[in-house]
Structures are given as C-alpha cells and as structure tokens.
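Asks: Found this in TrEMBL, in case it helps:
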{"type": "TRANSMEM", "residues": "40-61", "note": "transmembrane segment"}
{"type": "TRANSMEM", "residues": "68-89", "note": "transmembrane segment"}
{"type": "TRANSMEM", "residues": "101-128", "note": "transmembrane segment"}
{"type": "TRANSMEM", "residues": "140-158", "note": "transmembrane segment"}
{"type": "TRANSMEM", "residues": "178-196", "note": "transmembrane segment"}
{"type": "TRANSMEM", "residues": "208-229", "note": "transmembrane segment"}
{"type": "TRANSMEM", "residues": "249-268", "note": "transmembrane segment"}
{"type": "TRANSMEM", "residues": "288-307", "note": "transmembrane segment"}
{"type": "DOMAIN", "residues": "356-442", "note": "domain 'PhoU'"}
{"type": "DOMAIN", "residues": "482-548", "note": "domain 'PhoU'"}
{"type": "COILED", "residues": "486-513", "note": "coiled coil"}
C-alpha cells in the first residue's frame, strides 16, 4: 500500500512540475506577444546572429520546443531560409540548457519552495481579479510557483535509495557495461523526453533522480544526451505536412543533435572528467547543468562551420518535389498535426501563407475560366476537370483553414490574434466564393460549346475590359496578401470595384440592345450570367481588400513581406 502511495506521490509531483513549466512558458509567450516572434525577424545570413537569436528566444520562453515550432513556422512561411533556421535551432539547443541551471541553482542549492506558494497566490489573483486582471502575467507567476512547488514535492516523493538496495543493484548492473550502458541510457533519455514532450521537464526529472542518489553522474549525463535527441521529435512533428524547407529544418535538427551525441559518446569519459575538474565538489545537479551547457556549446561551435553541409544533407533527405499535401490531391492544413489549441500566435504567419496559396489558386482559376468563355471552342474535358479539381481543392482549404482559424479565435490570449483570425477567416470565405464564381464562368463556356450557343464578337469585346478588371482586382488582392500595402491600396480596390459596377450597367444595357436587335437569346443570357459572376468576384475581392487592411493594422508582424513558396500547389 505504501508503494502505491509513493508511486502516485511521484506521479502527482511530476504532473505539477510539468504543468507549472507549461504555464510558465505559455505565460511568458503571452506577455511577450508579437514582440517575441518579431525577434526572429532579426535573423540574418550571419550564422552567429541566427544562433544568438535562437538562444535569446528560448531563454525568454523557457522552451526549445516552442522555439523550434516557431522556427519551422517561419520556414514554412518563407520568412527564414533553411540555413538561417539551422543556426536558430542551434541557438535554441543552447538556450534550453538555461532551464537546467535555474533548476539546479534554485531548486537544489536554494530552498525556494517558501516563495513558490506566494507566487501561486499572486498569480491566481492576477488571473481572477476583476480590478487587477492580468492573465498573462498571472499565468507566468502561477507557472513559476507550481514549477518549484512540484520540484519540492518531487524531491520529497522520491523514495530513499537506502530502502531499496535491490533497485540500486539493478541500476548498477545496467550501468556497468561500458559504452553499451551509455548507449542504453541515451535511449532512456530520448524515450523519457518523447513521453513527457518537454526536454526541460525531462532534464528536471533527471536532476532530481541524480540528487536523490538513484543514478550517478555518468548515467545522468548519458540520459541528458538522450534527451537532446528526444527533443528533436517536436520539431519533426511541427514539420509534418509542412513545406519542403520546413521538413528539411526539422531533419537538420535531428542530424545536428544525433551527430553531436555520437562524437560525445567517443569522448564521454574525458568529458566527465573535465566537468568534475571544473565543478569540483559542487552538487551533482550543478555538475549536470554544466555538462549539458558545455556539450551544447561545443556542439554548436563545431557544427556552426558546417551549416552549408547540414543544409545540403537535409536537402538530400527531403528532396525537391516531395509532396507537402496528402497523396491523391486532398488538402491538409500543414499545422493540423501539431496545433493542439495553444499558442495560436506561433502559427499565424504560417496559416497566412496557406491563405496566400489559396489566393494564387483562385487567381489562376479566374484567368483560365475567362479564357475558356472567350474561346468556347477551346473547352475540353481535361481543362474543365482541372478547374473542377481546383474548385474542390479550395473548398477543402476553406473548410480546414476556417476550422483552425475558429480555434485560434477561441484560444487566443491577445485581441490582435483574434482580430487577425477573424480577418483571415473572412478572406478565406471570400476566396472560396470567388473560386465558385470562376468555375461557374467555365461551366457557362462549357454550355456554350455543348449546346452550340452563339455569342457575338461584340459581346466578347465589350466583356474583355470588364473581365480584365476582375482579374486585375484578384491580382491586387494576391499581392497585398504577399506584400502588405496601405490605405492607397484600399482606395485603389474601391475604385476598381466602382469601375466594375459602372461597366456592369453598361454591359447589361448593351446585352438588352442586342437582344432587341435579334441576337441569340441563349447567348445573351449566358453573357448576362457571366456579367453577374464577374460582378460578384469584384464584390468578394473588395471585402478581401478591406479585411487585409484591417488585419495589417492590428497585427504589425503580419506586415512582413512573404515570398511565393516554390512547392505550393498549382
């Protein structure tokens, strides 16, 4: 019965610790808000700047997982090149070791549990108080308090090693097999990190076990090496379904960490002796924190000179043309595999890029459908099927992107994130409506060919500038999604919409005149139908332009210029 109580005591302490760590990271990210992601805008082609940026972001959020997700999102949105992302990930590896120092110095060298409960209380007041309501800061304090409260409970919950000599003998047996034992415990560390989904939490557990005497320095150091490999799972999950470069960045993270562990295994005994020499008689958690930081610093210093080689290797692992969509032509929003309802701010840029891809597909549909209506004899089953496939694809995009955006609005902690989600939601809906109208124009061309309906050359000539304005309107919207504009762009959009409306009235009068003069009635009815569809496209495009302007005004980070993505669906 006592064993069961101890098990749940340890489990509960771990739960409190991991939850506190999660709250602390979430709170810091919400306090920082858009400024946190803006730091990544300063990453340049300079490798050292990229490493420093990754380090700073990770120290701020106390989570290398959040940083790697952010980096992969930026790569997916073409805001970071692959080589820049690799440098930032190296910095994140070093930044995550700061958590180990905080835990080692405050959690084991100093009794901080006395300050943990006041932090929890103050955090709760800031979250629930109506007058002092600061949920982001309150969440940070609450997370800090729960983290060290959980650590205090965990130290007390870990049973005395002297009471379980048989377990100690088994650990000693496993750790007495030289390099095989080291490899075994590296695997244990990787598995532990995958299970708890946090390298910082895994390192904290390792420090606690070492502090309690359950594992010695070599075993704990081997487990920490494994945790360096386990943490790469997060980046690879974040890249699932993403762009080619996004997946390459995740693979480079795995290769970089795995190669680092490989060379450390060769020099493992010497590295431990060096740490013992530097740390002297300090507590074991402090020596482990020194080992963790030293390993990642040296590994980064070695591989920072081989970033081009890592880039080339990642490109070989994920070649160009590897599908980013689900096989069979079905659409899957890239972040669906990793977005779990938290930190929508991290995914906003990537999702905006998906909307850009949708806009490009819709623009191609407008041009192709008008080309078919202007020359009905060119209508073929293959071209019509191509337009139908794109229309179905945009339907899927609208459905899936809207579902994620709705979740963004629900989980967002900042008003600007909610505003951006609402604006993108409106844009996606309007783009899907334009795609429907474009396909209807193509169907009109198909009816014209199948039923041998005649449309006069005069009608086509008069429709040409009208259709051109609709196409230009869509192009303007597409450019503003890529390169955010200003109020003048919105005024230009309104002028285009007014011109479309004015031309609509002229074209309808011309069509009625031709009917009175004996023109083909069915042909003129088709012309009126197309005029209506083109008018609707203009209305939808104006709504999009207004939504873009509103979004850019509320979320400055989204005003970052995007480049067309090479592996986007065509």
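Glycine is no exception: its Cβ is also placed from the backbone N, Cα and C atoms.
Describe the structural surroundings of these features, if you would.
Replies: Long-range Cβ contacts of the transmembrane segment (140-158) within its own chain (Cβ-Cβ under 8 Å, at least 6 residues beyond either end) map to 6, 9-10, 12-28, 30-31, 103, 106-108, 112-113, 115-124, 126-127, 204-205, 208-209, 211-212, 214.
Long-range contacts of the transmembrane segment (208-229) within the same chain: residues 93, 108, 151, 154-155, 158, 161, 167-168, 171, 175, 181-193, 199, 202, 254, 257-258, 260-261, 264-265, 268, 271-272, 275-276, 283-285, 287-288, 291-292, 295-296, each at least 6 residues beyond the stretch ends and with a Cβ under 8 Å from a Cβ of the stretch.
Within the chain carrying the transmembrane segment (249-268), a Cβ under 8 angstroms from the stretch's Cβ atoms is held by residues 68, 71-72, 75, 82, 85-86, 89-90, 93, 179, 182-183, 186, 218, 221-222, 225-226, 228-229, 231-232, 235-236, 238-239, 295-296, 299, 302-303, 310-311, 313-314, 317-318, all 6 or more beyond its ends.
Residues of the same chain lying 6 or more positions beyond the ends of the transmembrane segment (288-307) and with a Cβ under 8 Å from any Cβ of it are 47-48, 51, 83, 86-87, 90-91, 93-94, 96-97, 100-101, 103-105, 203, 206-207, 210, 217, 220-221, 224-225, 228, 256-257, 259-260, 263-264, 271-272, 274-275, 278-279.
Under DSSP, residues within the domain 'PhoU' (356-442) fall into helix, strand and coil as 81 helix, 0 strand, 6 coil.
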Asks: Taking DSSP states H, G and I as helix and E and B as strand, how many residues of the domain 'PhoU' (482-548) are helix, strand and coil?
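Replies: Computed counts for the domain 'PhoU' (482-548) are 59 helix, 0 strand, 8 coil.
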Asks: Can you work out the mean pLDDT of the predicted model over the coiled coil (486-513)?
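Replies: Computed over the coiled coil (486-513), the mean pLDDT is 71 on the 0 to 100 scale.
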